[in-house]
Amino acid sequence: MALKDYAIEKEKVKKFLQEFYYENELGKKQFKYGTQLVHLAHREQVALYVDLDDIAEDDPELVDSICENAKRYSRLFGDVVQELLPEYKEKEVVNKDVLDVYIEHRLMMEQRSRDPGAVRNPQNQYPSELMRRFELYFRGPSSSKPRVIREVRADSVGKLLTVRGIVTRVSEVKPRMVVATYTCDQCGAETYQPIQSPTFMPLIMCPSQECQTNRSGGRLYLQTRGSKFVKFQEMKIQEHSDQVPVGNIPRSITVVLEGENTRIAQPGDHVSVTGIFLPVLRTGFQQMAQGLLSETYLEAHWIVKMTKSDDDVSGAGELSSEELKQIAEEDFYEKLAASIAPEIYGHEDVKKALLLLLVGGVDQSPQGMKIRGNIHICLMGDPGVAKSQLLSYIDRLAPRSQYTTGRGSSGVGLTAAVLRDSVSGELTLEGGALVLADQGVCCIDEFDKMAEADRTAIHEVMEQQTISIAKAGILTTLNARCSILAAANPAYGRYNPRRSLEQNVQLPAALLSRFDLLWLIQDRPDRDNDLRLAQHITYVHQHSRQPPAQFEPLDMKLMRRYIAMCHERQPTVPESLADYITAAYVEMRREARASKDATYTSARTLLAILRLSTALARLRMVDIVEKEDVNEAIRLMEMSKDSLLGEKGQTARTQRPADVIFATIRELVSRGRSVHFSEAEQRCISRGFTPAQFQAALDEYEELNVWQVNTSRTRITFV
């Protein structure tokens, strides 16, 4: 590769900044960087972002050179901008800061003491870092793909690259010294020391000509008002869980932020960072102990906070016609659900619920109050019913997920920990599992084994979707907009239907009510089911894959892409369904009161029905929730409640409408032998029965000669 002539490169840069333009809506030329240079000259703008896509239109070779040797070209661009600024300065700067006044005062004093026509002493020149009052950053070309953090190796040193990850730790913003200014106590001369490394050795002896000639040995004292500082922040980003090979620890990289790039991201944010990959330069005694190894960091130039759809690279792009044909079948809902953990036999309704958890409902924010759209599910059951297998599959399937166990998780491990920063010694926040799973799924196994003090940290996350921190003087709120999928075992080995739900699982009612679906998976002896399950397990062990089914399960990547497409939809509930949903909820409340239900049916149940309905509408890629979606949501809710009742409760819930109507009318005639027909009909309809069911019950018990109805049908009399 031929050596670059940087004088020619400098002319190219100058020409680009002066001449690059685009045509606006009126067809007039708009000089993009010329306008920004005017703002920089007048101090109306601090940072100049150079888009490499703009350079690629005229000179693709220059873009390659910048990407290969970004640090050198960053200084080159800075020098060119500094030279051009006086040409673009149209007026004097009104708002001057301390450094402006300091430099102007020094120049004025020096001019007074200098003879007329004399040339300024080059030793008194101010360093370019002190005079430069702007920041220059590159924005990477759109053609370059983001790298995985573990693929950033030694061959990337000095190059401009883009990495994606999740922010795990952010330090406080502090001032970093760029130029140190000293004053001599003997001759009064000023000395400037540009600082390039993280640490520096302050100057002690005055290097001026006067002190050296007189041998006065003047000592230098640091002038903080004349020194230049920039905002400095350090951030750690960790690679996403789907980028980590099985059995490996997630890699992380240190990102250094300066100036206008600070205070952009918080722990838990998913970011895309474009920057220069550099080694840490040690000086002084640290250089002697450094050895052959060097720490590295990314000098950030461009930071973008990403949404979930931006983050899922595989979700980008439309589905092909073949892929759409695979999904667009009549039973696509069943097919998608059965494609979740196909090696696990049965659990069809549980898999449907897990599919809806991945799709999620729609967030609502009426007048500032946030109603979550994420669906929470708790799987309970006897040991050996594949709860943990379902959790681990969802962890692999979800684009963003965190997997943890209750016994090995502390409260700070789930929410956020306050750690002391190794660089500055300051206290910093490091996000836990729930923060890192923001806009994803957090799978918590052995939920019942968690300590009570640690479990209380989840209450706020499940409803408010935030984590409030008040530790060691740090008061802040972090986002934790994640769905929680928990698995718990019964307290006494197996689920006892004679005990209440709280006694079986030993979880507080306040926490259980926050779950949209509580699913009990019991291991009941059944010859046919046991035979099919045993055949399924032996086949999986023999062939290391699931048995041949009636259909081919969908590929995991295809499911991820389809779920990402579903997230783009924002379905709404039409007014025509409002009364239907309300009546269904009232009926569920009535049934829960009549049958002494194991779970508490509250207003959260109604919100759960709405969330499940909107998730089903999203799954069908429509913008309006239909009655079938509501019915399926209610069916899943009923199935989850039925699973909690056990064999004893199954008969109680499946009581015939005629028998319930008979019991209702018998309550009305507790004082006498007859009751008004209209009163009985009104009472039964208010309890959710239809007039047809009421009439059928009347006819049935009249045939049995239990009661008689008079000819005018105004009175019911017991025989």
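Cβ atoms are placed via backbone N, Cα and C, with glycine included.
Pulled from Swiss-Prot:
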type: BINDING; residues: TYR345, GLY384, ALA386, LYS387, SER388, ASN489; note: ATP 1 binding site
type: BINDING; residues: ARG514, ARG604; note: ATP 2 binding site
type: CROSSLNK; residues: LYS15; note: SUMO2 cross-link
type: CROSSLNK; residues: LYS28; note: SUMO2 cross-link
type: MOD_RES; residues: ALA2; note: N-acetylalanine
type: MOD_RES; residues: SER314; note: phosphoserine
type: MOD_RES; residues: SER365; note: phosphoserine
type: MOD_RES; residues: SER500; note: phosphoserine
type: MOD_RES; residues: SER678; note: phosphoserine
type: REGION; residues: 521-564; note: region 'Interaction with RAD17'
type: REGION; residues: 577-719; note: region 'Interaction with ATRIP'
Spatially closest candidate among TYR345, GLY384, SER388, ARG514, ARG604, the listed binding-site residues, to SER365 (phosphoserine) (Cα to Cα): ARG604
Residue from LYS28, ARG514, ARG604, SER678 whose C-alpha is spatially nearest that of SER388 (ATP 1 binding site), among the recorded positions: ARG514
Binding residues TYR345, GLY384, ALA386, LYS387, SER388, ASN489 (ATP 1) - maximum C-alpha distance in whole Å: 20
Integer Cα-Cα distance in angstrom, LYS387 (ATP 1 binding site) to SER678 (phosphoserine): 51
Helix, strand and coil residues within the region 'Interaction with RAD17' (521-564) as assigned by DSSP: 26 helix, 1 strand, 17 coil
Listed recorded positions (TYR345, LYS387, SER388, SER678), ranked by Cβ neighbours within 10 Å, top entry: LYS387
Cα-nearest neighbour of ASN489 (ATP 1 binding site) within the listed recorded positions, LYS15, SER500, ARG514, SER678: SER500
Other CB atoms within 10 A, centred on ASN489 (ATP 1 binding site): 22
Fewest-neighbour residue among modified residues, criterion Cβ within 10 Å, set SER365, SER500: SER365
Sequence-distant neighbours of ARG604 (ATP 2 binding site) in its chain (C-beta under 8 A, six or more apart): SER513, ARG514, ASP516
Neighbours of LYS28 (SUMO2 cross-link) among the recorded positions LYS15, TYR345, ALA386, SER500, SER678 (Cα to Cα, within 10 Å): none
Least buried by Cβ count (within 10 Å) of the recorded positions LYS15, LYS28, ARG514: LYS28
DSSP-derived helix, strand and coil totals, residue by residue, for the region 'Interaction with ATRIP' (577-719): 98 helix, 11 strand, 34 coil
